[in-house]
Amino acid sequence: MGIRTGQDYINGLKSRPREVWLEGRRVTDLLNEPNFRQPIQEIAKLYDMQHDPEYKEKITDICEETGERVSNAFLVPKSFDDLMRRRNLYEAWAEATFGLMGRSPDFLNVTVTSMASNYKFFERYNSKWAENIVNYHKYIRDNDLFLTHALINPQNDRSKAAHEQKDTFTHLGAVEETSEGIVVRGAKMLATLAPITDEVIIYPFPGFRKGDERYTLSFAIPIDTPGLRIVCREPMQSGKRPVFDHPLASRFEEMDAVLIFNDVLVPWNRVFVHNNLEAGNTVYAQTGLSQNTHQNGVRGLVKLRFAQQVASRVADAIGVDGFLNVQTQLGELAQSVETIRALLRTAENEYAINEQGEAVPSFTSLETIRGILPKAYPRAIEVIQTIGAGGLLLSPTGFDVEHPELREDINRYYGGRESVEAYDRIRLFKLAWDLSGEAFGQRLVQYERYYSGDPVRKLGMFYNKYKQENQFTMVDRALQLDKSENLSMN
Ligand SMILES: Cc1cc2nc3c(=O)[nH]c(=O)nc-3n(C[C@H](O)[C@H](O)[C@H](O)COP(=O)(O)OP(=O)(O)OC[C@H]3O[C@@H](n4cnc5c(N)ncnc54)[C@H](O)[C@@H]3O)c2cc1C
């Protein structure tokens, strides 16, 4: 099949009714559900871009194995140029959503590509797992599927291991093996966009202890598999709030969900890791899963740049960007953007070819982006709030703007600095408030903090690796100086 269109994606959703729970009710008509209607359209637009002459050659390529055109996310990069082709895709899709939809299909497509290209990891433990991941990659590539993922156990008691929780199956675990596959039970979080995807992949973060064997699971199944329940968080927009008042929230909300597996059968050919502590603890680091940090970096840069531009436009619209205190805040944001941009360039230019022949961007630079963004993005939001100040809260609604009795007052009192009309200023400030004040905007901040794990532990892991790879020999050299110069202690 190769690349899908938006309509193909929508037809796929229609053909696979899944168990989605939203605000205490079961969603029966996904496509017409107000909360999902527009996000589905936004994802469909991304698929359509694959057929758009402006993007087609940039974001898709011919697959050597099948001769069909596929997304660049499914192709294993072998060189710098291949990495750039991947970046083109990340960038084009991130810009289409202003970086606000972090879990666009490229994110997990590239993750599975990386797992499959590192099939030797799986082979070390079980040749069937290796075969399964390679076949699964081909399947999602050839059908251009959209995946969600859930790595994290529910937040019940973090001081205890999975097997020490109150209930054996609070955390997702294997119940039994049958001739057809493994029956799994329990919950995983936090599957972003799950209600509107095609498949879910489970893979573990490190941290398993002895006794946790049954929880060391990696597998993928269709999102409509019987027994799989998707429980959505409270929506951040009703789906009915006017686009004029909520230009971002009404379009780009990514629903997050807890996945509950009620004795779900995972067929053997979809099992990638099972019942193995060592594999469970190392699969994340050793199968190039961090390849998706390249997508994160590119997408994060687009989002940060968007926030920086919103801050600058807000300051300009009300004539405050001549003040030094405002300029220092805007300059700080511009420098954050440039820092991430430079790190991204370094990550790409300092790529390495791994044992499988795959071009891998520099882990150090990408992880540094990962460390900086959770601070830089919330700061950008704080700057928008600080510069927009009270004005962010005072925008009239679209209904007010259109009311003939109010029009004159609105035009008189809501304009910005000279030549900034009231209508334009109101629209800009509404956009800024969606990004910085609404629950939608606060989720985007939380996303930047946590989207790829706990930043605290990630930084610890980063430092351990950095220490291993860097011997800090300058210090030894400095300590040798007095010896070589034969200085006495006196
Ligand atoms: C908007 C959003 C979207 C997300 N989307 C996805 C998704 O699509 N798929 C997915 O799998 N996950 C997703 N996540 C979940 C994300 O992976 C987790 O939030 C992240 O891994 C942190 O885990 P946690 O939330 O359970 O926090 P916890 O691990 O419970 O941490 C809570 C606090 O305790 C501290 N803490 C906990 N344990 C330790 C420890 N052992 N040592 C030191 N400190 C500790 C942490 O530093 C933190 O401050 C998403 C998260 C957000 C916010």
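Using N, Cα and C of the backbone, Cβ positions are placed for all residues, glycine too.
Now, the feature entries from TrEMBL:
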DOMAIN    5-273  domain 'HpaB/PvcC/4-BUDH N-terminal'
BINDING   HIS149, ALA150, LEU151, GLN155, ASN156, ASP157, ARG158, THR192, ASP454, PRO455, VAL456, ARG457  FAD binding site
DOMAIN    282-479  domain 'HpaB/PvcC/4-BUDH C-terminal'
### Task
Identify which of the binding-site residues LEU151, VAL456 has its Cβ surrounded by the largest number of other Cβ atoms within 10 Å, counting every protein chain shown.
LEU151
### Task
Sort out the sequence-distant neighbours of ASN156 (FAD binding site) for me: same chain, 6+ apart, CB within less than 8 Å of its CB, listed by position.
GLN165, LYS166, THR170
### Message
For the domain 'HpaB/PvcC/4-BUDH N-terminal' (5-273), report the average pLDDT of the model, please.
### Response
96
### Task
Can you see whether DSSP assigns VAL456 (FAD binding site) to helix, strand or coil?
helix
### Query
Within the chain of ARG158 (FAD binding site), which residues six or more apart in sequence place their C-beta under 8 angstroms from its C-beta?
none
### Task
List nothing but the largest Cα to Cα distance in Å, as a whole number, among the residues HIS149, ALA150, LEU151, GLN155, ASN156, ASP157, ARG158, THR192, ASP454, PRO455, VAL456, ARG457 that the record says bind FAD.
22
## Note on the structure
Simplified DSSP label at HIS149 (FAD binding site) comes out strand
### Query
Do you know which of the binding-site residues HIS149, ASP454 has the most other C-beta atoms within 10 angstroms of its C-beta?
HIS149
